[in-house]
Amino acid sequence: MESEKPKKTQEMKTDLKLLLECLKYHMGNPLSQKEVLITIHSVCKQNSDAGIYFREIGGLMFIINLAKSSEQSLVKEAALYTLGSIAEENVYCQQSLCTSELFQDLTGLLTNDDSNTNLKRMSVYVLLVLVSNNRNGQTLVREVGCIEVLSQMFRTVLSNYELNLSDNSVFQSYLLWSSVCSTLCVCVNNPQNDENQMLCCSLFPCVNEWLMNCMRPEVIRPICSFIGLTLANNTHAQNCFVSSGGLDVLCQVLVQLESDSHNTLSSAKLAVIVTKTMDACITDNSAAFTVVLSKYHIVSTLLALLLHESLDSREKFSIILAIGHCTEDCEKNQYELLKNNGLPLMIQALTEFKNEDLSKAATYVLHNCKKITGKLSLSLGQNSFGENEIELKDISEKETLREHWKAAKEILCRIKQFEKGGKEEKQQNRSGHYKDNTPSMKVNIQTNLKRLCADSTGGTRAEDKDINQSRELRSYKPSEIMSKACANENQLTTRKKNTNPVHPFCKEKGQSKIVHETTPSCAQNLDKEKTFDQKDSVSQSSDQVLKHLPHTVKNRKQVPETDPFTLCLDIIDREVGIQATDSCSRMLKYTCSGCIVARKLLNSRNFSKFLHSCAYQCVHHKVIMEAEDKYKNELRKTFICAKKILLTPCRRRQLCKESTASEELKIVHQKPDSKKLPGLEAQALNTSIPEAMERRSPVPGQSGLHKKRRIRKDFTKEEVNYLFHGVKTMGNHWNSILWSFPFQKGRRAVDLAHKYHRLIKGPSCAAL
């Protein structure tokens, strides 16, 4: 074998010498010269050392002179093709041919109108070989002015956007245009040349025209290669491309190709090429250019393209990397990724594919979305992006208005019931049958009616700009009556506490400490007061009391702290939202501590304890506390009774005596002629606050807690549209659909699943 190699080398040298002599001998025969040149090309291609030897014997210089001097186009084409193939196989031949004289000769052939298309194509081929991977060649092609000639050919070779490649002349022109495009690519990159990149930026308007008018793969592939190499690692070139509208054109082409990819496989492959080009445009300026991408919803387009089954791992890597650059420092694109179920796709790429590059790209995308995911988890339900913000705002306004109307109707019903109760009390006072030695309760009734008036009118809605400015209230001085009412209330509270069998173990620890569990609420004061003094009380209807209301309110600083009604007026007026009439006086907008404190600081453990420590509660929190206290009392009764149940006969008799004694004690303290206002206790609990309704204590005689059936809410047209759109984009991920769209409050994932299956079965089932 070793002896054969020198023998073959010697034979190759002999062949090249003979071929060079034949080339010189057939100077007058163009066809023979063409055949000799093709044979030289074949010998040099089989052996890389043949080009070096052919250069040493002067063969390269002879072929260069032949290409210059020959008048036959056929010989020139063969000579240029042979030079290009020898330079392509051997780098030493490439360096020896890389001279300014040869570049000038090639430029002359390209600018000569007598040169045919095939000769120009061979000249471009030689330029391509000399410039490729050769910084010296890139410099010469710029200094000689050859790059300007190539740019002009790029603009003018193909004049018609509608390519008819079946026509031979059009096909030859297309091959020349494609060679020019490839030569420009090696002029700007491999290695990267910033100066040549800036010169090629002048072609961006022409490139945009081609992309907009011709969507054929034969045009898009070379143009995308040229754009990608021209923009690579050059911020200034990227800015020029975006300012010329190139990024918008690429986005439009990508969207069109993705929509066509469902029908043709080639469109999906072509969309990946456009994706790489777009990624090269935004790599170094992702923060500045990703806003343009969000306008065309490129992230959702890339996610849809990623699901195409025909793509391999390298193509999917290019798509995921482009998604990473789109979502970097752009919250709109990050939100679009979350909305279109992009995170599960990234996690799937991490787990299912074993490609290391693909895993790194998916990790890059997840890292970009880490910040916005944390924001959404902290403020779930607050959507501040695009169209969803307007829709959610309209829905919240409608719900708030509906709640205000509901609260106003409830308060109107309560006013009517109190007026009816006031008329009955007036009749009872006139008959003179209800008398008692307890002090007058006139002030308490007026205070209750005063609160109801504030409920009906919604209080005053005007807010003072200066918070420290106190509002003047028209009043008279009922200090003595109010102190008596407070003492009365404390006596009733003590009496009830002594007769309550549930609290035998609760003892007063001091006069300064208030036991909030036994404090009566605003709505229960009238239930606990049994009789009215006929001498002290004046028979008035609710209308008369309301007329004198402006004169019965004292300055807020002078009202005793024991009055629980005036403290909640402003909270009720904020809930109802009705402006006060001129007869109602302006009051300060006080709220209880439960309303002021941040909700993040409260939880199910410290909420009850915190409200019990408040000196005042609003109607909202009073109802909550009453329902909770009533529920706890029932539990304590059950616990005490269960603890006292024994099988010993003597203890059983003792238990019966205690229960009998407690019942008698209740009868003694309850007046036989006392009469509660109708429906007052029910109205105290029946408020517009959903929390109080949900925590209402069970009916006596029923054991345990019973779940309430949910109120039926029919699906609106918007919800049905949300449901179908969510299934189309996310599949049967009901929980994701539930949190992605603004469904009504109380909707669950299982409700969406059942509704969707009913809608699929038919309209008759969907009505259910």
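Residue 1 is the first one shown; counting continues down the chain.
Glycine too: its Cβ is placed from the backbone N, Cα and C atoms.
For 101-145, the entry in Swiss-Prot reads repeat 'ARM 1'. Beyond the repeat 'ARM 1' (101-145), the same-chain residues lying 6 or more positions past its ends with a Cβ under 8 Å from any Cβ of the stretch are 64, 67-68, 73, 76-77, 80-81, 83-84, 87-88, 94-95, 153, 169, 172-173, 175-176, 179-180, 182-183, 186-187, 190-191, 193, 195-196, 199.
Marked as compositional bias 'Basic and acidic residues' by Swiss-Prot: 422-436 (among others).
Annotation comment: Swiss-Prot describes 422-441 (among others) as region 'Disordered'.
Residues annotated as region 'Disordered' in Swiss-Prot: 454-475 (among others).
Taken from Swiss-Prot, the feature compositional bias 'Basic and acidic residues' covers 461-475 (among others).
What Swiss-Prot lists as region 'Interaction with TERF1' is 524-700, and the listing cites experimental evidence.
Swiss-Prot lists T648 with the feature phosphothreonine, giving experimental evidence as the kind of evidence.
In this model, the domain 'Myb-like' (707-760) carries an average pLDDT of 88. The domain 'Myb-like' annotation in Swiss-Prot covers 707-760.
Per DSSP, the secondary structure of the repeat 'ARM 1' (101-145) breaks down as 35 helix, 0 strand, 10 coil. In terms of DSSP helix, strand and coil, the domain 'Myb-like' (707-760) has 33 helix, 0 strand, 21 coil.
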